[in-house]
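See structure below.
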């Protein structure tokens, strides 16, 4: 392979939504229609699904590689699949919908360029998904927090509305979802709403005869409007993300594997910079350094990996147990990542039943890391719209408040200023099985021995 990036732009799409909204089935059908599956493999899966009485999960089953997942009927970890459209090479991240698996869902979102929110139009199912405890709301909020600017809404299970393929029901679902997405911060005019049936395949790759009333989706872009009919047309109309290849390397690890005959293979998505075989890289917060022997993406060797690539790479002389999910890899010779002893952030409290005081210690989800951090100091309460200071050293914070706070990680943690490396500088704070706050990192105090770098960033306006 040459040192040039492949001609088709890479896009990472995370599939989000409430459990049983039909995410895996819709995704599986989409990949199937785009030729991403071997027909013979599909026949085997169909036979196995029929044997277990799960024929209705056929396309979802294609995505459920793990045996444990098949038996439990829930997508647990994040599955990665690849297919081609006319314009893009798309990697699908199929994220779990069960509340218990929200941590995996956050990890998937942090890797994505685009979120495809699947909502069920089936009677009762939509209402459950958007209820206060449903995941539709939380997933959409997390996607926005993690910086996923492009969102597609797939109104699924149109074959199960009353009557089937109901125009009225589609409009009702769209109206409800639009209100919530606007509250989060998305502009509904930029979001395509597409009616589909993941099970029958209606309107996935070509316009549906059963939904003649659907005149197509239309979205606003900087250069005018874009429109189309099917879900596949939406994917081809996406705006390619700007990839910061000229910044130093930052690669948060998603997992680390030991592969027989090869050795230690960390995997993850390059957020910034470029990775090449022969490069010496450092991992933070673990502190280890190693040489990159080889790089692979979708089982193909690469001589250069660019931002947005989901890759696996082999490193020399480093044990699997020395690295783990949440470590960040960087070029040892160019602004390598380091462990944070504390960091200052601008946060918005979204959902806490009481008051938050100094000492509060939620789990912070940032890039692929999940680390408990203490709200060590509440520095100032600010106006969430203007960023102006309202109060110094507030005694407590409640839902709706915005503040500048200092956080101290309980375990080793690598974060960056949002200004320098956005994907490593935005986070969600979780407690009580829900997202209690979201924030952006303004400055980082690096652990003794790490180079003291960078000045404090100006307040970031969070809408």
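Placement of Cβ uses the backbone N, Cα and C atoms for every residue, glycine included.
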Correct range for region 'G4' (source Swiss-Prot, candidates 144-147, 148-151, 152-155, 156-159): 156-159
The annotated region 'G2' range in Swiss-Prot, which must be one of 73-77, 78-82, 83-87, 88-92: 73-77
From 94-97, 98-101, 102-105, 106-109, the residue range that Swiss-Prot assigns the feature region 'G3': 94-97
Swiss-Prot annotation of region 'G1' - which of the ranges 17-24, 25-32, 33-40 it falls on: 17-24
Residue 23 (GTP binding site), number of other Cβ atoms within 10 Å: 30
Chain-internal residues, separated by at least six, CB under 8 A from residue 158 (GTP binding site): 121, 164, 165, 166, 169, 170, 195, 196, 197, 202, 203, 210, 211
Stretch-averaged pLDDT - the region 'G2' (73-77): 42
